[in-house]
Every structure is written in C-alpha cells, then in structure tokens.
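Colleague: Take a look at what Swiss-Prot says about it:
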BINDING   Q390, R400, T401, Q402, G403, L404, L405, S406, E407, I408, L409, R410, N425  DNA binding site
COMPBIAS  1-15  compositional bias 'Basic and acidic residues'
COMPBIAS  266-296  compositional bias 'Polar residues'
COMPBIAS  591-607  compositional bias 'Low complexity'
DOMAIN    71-172  domain 'CMP'
REGION    1-54  region 'Disordered'
REGION    224-278  region 'Nuclear matrix targeting sequence (NMTS)'
REGION    266-307  region 'Disordered'
REGION    591-649  region 'Disordered'
MOTIF     20-40  motif 'Nuclear localization signal'
Amino acid sequence: MDHLNEATQGKEHSEMSNNVSDPKGPPAKIARLEQNGSPLGRGRLGSTGAKMQGVPLKHSGHLMKTNLRKGTMLPVFCVVEHYENAIEYDCKEEHAEFVLVRKDMLFNQLIEMALLSLGYSHSSAAQAKGLIQVGKWNPVPLSYVTDAPDATVADMLQDVYHVVTLKIQLHSCPKLEDLPPEQWSHTTVRNALKDLLKDMNQSSLAKECPLSQSMISSIVNSTYYANVSAAKCQEFGRWYKHFKKTKDMMVEMDSLSELSQQGANHVNFGQQPVPGNTAEQPPSPAQLSHGSQPSVRTPLPNLHPGLVSTPISPQLVNQQLVMAQLLNQQYAVNRLLAQQSLNQQYLNHPPPVSRSMNKPLEQQVSTNTEVSSEIYQWVRDELKRAGISQAVFARVAFNRTQGLLSEILRKEEDPKTASQSLLVNLRAMQNFLQLPEAERDRIYQDERERSLNAASAMGPAPLISTPPSRPPQVKTATIATERNGKPENNTMNINASIYDEIQQEMKRAKVSQALFAKVAATKSQGWLCELLRWKEDPSPENRTLWENLSMIRRFLSLPQPERDAIYEQESNAVHHHGDRPPHIIHVPAEQIQQQQQQQQQQQQQQQAPPPPQPQQQPQTGPRLPPRQPTVASPAESDEENRQKTRPRTKISVEALGILQSFIQDVGLYPDEEAIQTLSAQLDLPKYTIIKFFQNQRYYLKHHGKLKDNSGLEVDVAEYKEEELLKDLEESVQDKNTNTLFSVKLEEELSVEGNTDINTDLKD
C-alpha cells in the first residue's frame, strides 16, 4: 500500500512539475486572490509556491505518512478547473495540489473544505461543483457516490485515497448576491450564513432572514438532518440579495453624508476673503486634505481669489446639502422604527458615535469598530451601579442569556484575538454602554416592567406550585440521586473527548442544542453553543466547568433508552406547559373538582327531567365524588381534562415551510424517526405532524396536487375526518377506545346520580 502510494504521488507530482517550478503559484489562484481581495495570501496550506518550492517529493510523502499514522488526516489530490462562467464550459485555467483533510469530516463538505484549505474565499467555495475520479474511470459527482448525509471522508476514501482525484469546477462569480436565486444550494446558504454571522449573532439574524435560529444553528454546525430544500434556498437567495443591496445603500448614504459635511466645510473655507495675491500662495494644508489632487486646488490667476479651478454654484451645493440632510433624516427614522419593532435596540445598528471632523476618516472608522480590553470591567461596574442582574443586562445589551454573559466575564478573552461571534457580542455591549446613563436606566426599567407584566400574566403563584404533572421526573430523580454520590466525581472519566460525545449524542438522538442543554445540565442553548465552541480543557481547578461537565457525564452514562425517554418527556412537557392557559395553570384542585361537579349536574339536568323539588339538587353534588375513585380518581380525571386543553394544533408559517421542504426532499410518508425529528425541530406534537401529512396525502389522492395554504397558519383541528387519508393505527384505535369508554363512564355516572336523587326524594 505504501509503495503504491509513493508511486502514485510521484506520478502526480511529475504532472505538477510545471506548477511547482513557478515560484508565484498557479495563475488562476493569483487572479482569484486579486479579484476577491483575500488576505490569506499563499501562506496557507494550499500555497504551492510557498510550501512546495524546493521541497523534495520524498519528504512530502513522509509527512503524509506521519499524518496517516496519527489517524486524523487524509491526503486528497485536487484539480481546480477555473471556468469563465457557468454556461460556457471552456476551461480557462487549472492547477493541482494536495490537500490534507480530516477523516471525521463529512463527505458532502469535501469540496468546500478543500477550496478553503487552498485559500479560496467562502463565496468561491459555495459556487463550486466537484467530481470525484477513481483511477482512470470517468469522474462522477459526489452525490452519485453516496447520499448519506452522515458519511465521513474516512468512510468513503480510506482505502482508495491514493488513486482518487477530486476535480473541482470553479465558476467566476464575484459575489454571492450576484448569484441567481435558482443556483442557490445548501452549501451557498451555509457559507452566506457564516459570512453574515461575522457581523451579527444568530438571534438577530433569525429576526431578519427567512430561517429560524435553530435552523441557522443546525446548518452552520452541520447538524441539520437533511439538505435545505430548493425552494427554501431560492427564498434565502432572494432575501440575501435584497439584504446586501439595502446594506450597500446605507453605506452609500453614510459616505454621502460624510462628503456633504466635508463639502460644506470646504465651501465655507473658500468663501473667506484671502488677503494678498492668492495666485502666488501655495495651497494650504486644509485645502489639500479635502482634495484628491493638489493641482486641482491651485487657484488660477484669472479667477476670483476665493474660488477653485472648477467652480460650483452655491445653489447646487445647497441642494446637495438639503438632499443629504433629508436622506439622513429618513435613514434615522427607518432605524428608529426598526428598533421599536424589534424590542431590542442595539443589535443590528449600533448607536452612532459623534465623529470629530479634525480626525481622518480611517481613524474614525477604526475607533468605532475596535473593542476595548476594559469592556469586562465596564460591564461589572455597570452591573454594580445600576443594581441589575446579569440576565437583565444580557437581554438588553446583546439579547442573549445570563449563562453566556457569565461565561464571557469568567474567561475575559482578549478582544484582539477573540472569535467573530464573541466580538459581535462584545461590540454590542460596548455600544450599549456608550449610551447616556439616563437612557440605560430607562431601558433597564422598561425591561423590569416587561418581565413583571409577563410574570403577572402567568398568574399569582409560581409554576412550581402547580400539581405534580410535569413528566420529566425520571430525569430529575435520577440525576438528583447521582448528585448525592460525591465520590463519583473523582472516578468519573471527564476529558476533552466529552465535547465530541455531546455532539454525537445530539446527532444520534436528533435533538436540538436547547433540549440537550436543558435535560443534561439545566442550561440554555447559548451556553452549550459557547461550550462546544471553546472546548476548554476540563480541569478540577476550574470548578464551574468541572461541575457542569460532571452533570453532562452523569447524563451520558445513563442507558440509551432512558435518555431517549427523558428527551421525549421533556419535549412533551414543553408542549404541555406552553399550551395550558394561565387561568388553568394556577387553579387549585378543589376548585377544579367543584367545577367538574357543576358540569356533571348540568349534564344530568339535560339528560333527565328535573325532580319536582329543585332545592335538594345541590345535595347530590357531594355524593358524586365518592363513586369516582371506583373508576378513575379525581386527579386522573383532572389530568385528562388538562391534557385535552394542552395539545397544540396550529402550525406556523415557518413550520409549514420546513414541512413542505421535507415533502419535497423525502415525501409524504415519513417514518417514526422522521416524525420524531420534525416534532423536536418544530416544537409541535407528533399527532399534529401526522394529521398534516394525512391531509396532504388526501389532497394529493383526490385533487391531484398538494394543498396550498397560501402562506397562512394551519390548524389541524379544523381538518374534517373525511379529509384525512390514514390507516387505522394502534394509537388511533386506542384513542377511539378511550373516548368510547369515557362516554360510557359518563352515562353510568349520570344514571347513578339520577338514582341517588330519586332515592333522596323518596326518603
């Protein structure tokens, strides 16, 4: 195998001798770097001129063998073919290089990661198409090799990497916004999201783009169960083009306002009388700073002393100034309206900082974008001054959770070396702290009032005072008993591999980060996202991290069926608690029993004629409950009545889009695993999703097409029974049996109640 590998590498390197001998690298790569303005240069892995110049082939083969023995990397021979456009397939330039890729990387990301390793931009990688060739066979697309979304590079290329050539067709399209919506794919959407997340966080991006926050997180982290549908990709492409165009217009408006202010200062300077012979005076530094060419600013002898070589009428200058002011006012009003509609003011457009006109424009821009290293101390001082909690500050400053803010303050990462997502959060906090103190206090007060109103709307009693109907008691009891076992912390195996186990567990169970963080560590989705991003080395000295990872390790040590049951119970609990009205959550059990007794009395009055003495009817109320435990206890009947009000049957427009994408990708007959995945992703009960698919199958069979919902919410409770194409499943039969049994039970109770009434009357 090693001999064949060296022979193949020698053959391929001999074919690349022309490119290797060129110290500047392939011309296609140089043109691409100059066109996209990539700062990567040729210092990256894919730089032929910098990396392979003067390096013997035997040494490079030895390096590849060393990496292979470690078992983490695989060499892949790539041939990049550069086309002028996507229609005319005239190959202009091509070059070939080896790329080292991770074995555990997904196979469908091979093209993208190979181009990024070679130094190409995200937009170029998103628009590329790849073919794989084994030996001298005809090259085929990667999708023809396997359609498994979880297939890795090691699964597909472990045994044939030495005879495999990856041919990448790169079309010249300068920007993603210039790409037609029909050509958008799952890869282009993921790269566009990565580019957008450099300037904003996921929550603020989800408020603007047609994708939800959970879907954005899944696509970026490559945990989405399937590729985004073509319709969703086209919708995102249209939105991305409009978003970029609007952003460019705002940048142009800002630059126009800067130029108008500079022009106003220049006109005021030019209207001042200049003593002496101005034709002999050199241009002043102020004039040179406003002009691009010094010769233009030199006044001519035959002109008025205060004018430039190309005079501008004051009328035109005034018109430009008025137009700039109107545009600035319109921009400010639009931004104010957007801030009021978002409930979170300072995420997308930070408040403008007053710029001093005596500073150069480059310095002004840099001071606005830089984050001070004192930001962490500023936040602590602000928390002490205002007397607010970390949760309130995290919500109003950068719209995240208290757990994420606590982790940021604990680590105190240097802003100069911080990641893009952390920089976005730090910049948002810094922009918020630059507001006046009175404005910040007003925002804190508004947030407190909003929280109090939300709490009062839920009822006077806390949620924990409700009857113990929350299903995930198995999880809490199990973890609570394990928490008491203190000696387990010393023997527990906690190392850096726990982060990979967390990702594998979420992928296996098809659960979201929010659900896993809640059941495993009682944390938020933002906390888990930051934990997986930093992947800090576990150490008992870091007590907070060690305790959180210990909780996760205890949860992962549970048997797999028990973990799946906890996921299911927690998902159902979220549905149930979200669907119960506030007046039902906090009503005491005694009052509910009295209401049930009154309802049963009314039913008895409707079924049987009232007795001649109505004043004795209330005495029958207390006699009914003693007979109920013989069939069903009051707590069980109370639970049944609550379960009837809990289920959610409405499907939002966003969930409809995901379901329609699933129909286009998979079909109208999802299996149990797919239904469970959709239920967890859309936060909907399973029977709601089942009814939706049954209704769609009915319309396809009887009308020849799927039902058009016209972008409106759908309530599956409004579906008629004849509009559901379904088989008699066991769950449906059990439900019908329970319904018939409950009807018979009510009839028996009513008969017994009437018998008691007649007996009392006779007595």
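Just so you know, glycine gets a Cβ as well, placed from its N, Cα and C.
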Colleague: Whose Cβ, among the binding-site residues L405, L409, has more other Cβ atoms within 10 Å than any of the rest?
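Modeller: Answer returned by the neighbour count: L405.
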Colleague: Could you find out if DSSP has T401 (DNA binding site) as helix, strand or coil?
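Modeller: DSSP assigns T401 (DNA binding site) to coil.
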Colleague: Using DSSP with the three-state reduction, classify L409 (DNA binding site) as helix, strand or coil.
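Modeller: Reduced to three states, the DSSP call for L409 (DNA binding site) is helix.
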Colleague: To test your reading of the DNA site: which residues beyond Q390, R400, T401, Q402, G403, L404, L405, S406, E407, I408, L409, R410, N425, same chain only, put their Cβ within 8 Å of the Cβ centroid of those residues?
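Modeller: Going along the sequence, the neighbours appear as A394, G526, W527.
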Colleague: For G403 (DNA binding site), just count the other CB atoms lying within 10 A of its CB, please.
Modeller: 23
Colleague: Below 8 Å Cβ to Cβ and six or more residues apart, same chain only. Which residues does that give for T401 (DNA binding site)?
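Modeller: Within the chain, T401 (DNA binding site) has Cβ neighbours under 8 Å at A391, A394, S524, G526, W527.
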Colleague: Are there residues of the same chain, six or more positions away from E407 (DNA binding site), whose CB falls under 8 angstroms from its CB, and which are they?
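Modeller: Within the chain, E407 (DNA binding site) has Cβ neighbours under 8 Å at W527, E530, L531.
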Colleague: Which one of these binding-site residues has the most other Cβ atoms within 10 Å of its own Cβ: Q390, N425?
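Modeller: Buried the deepest by this measure is N425.
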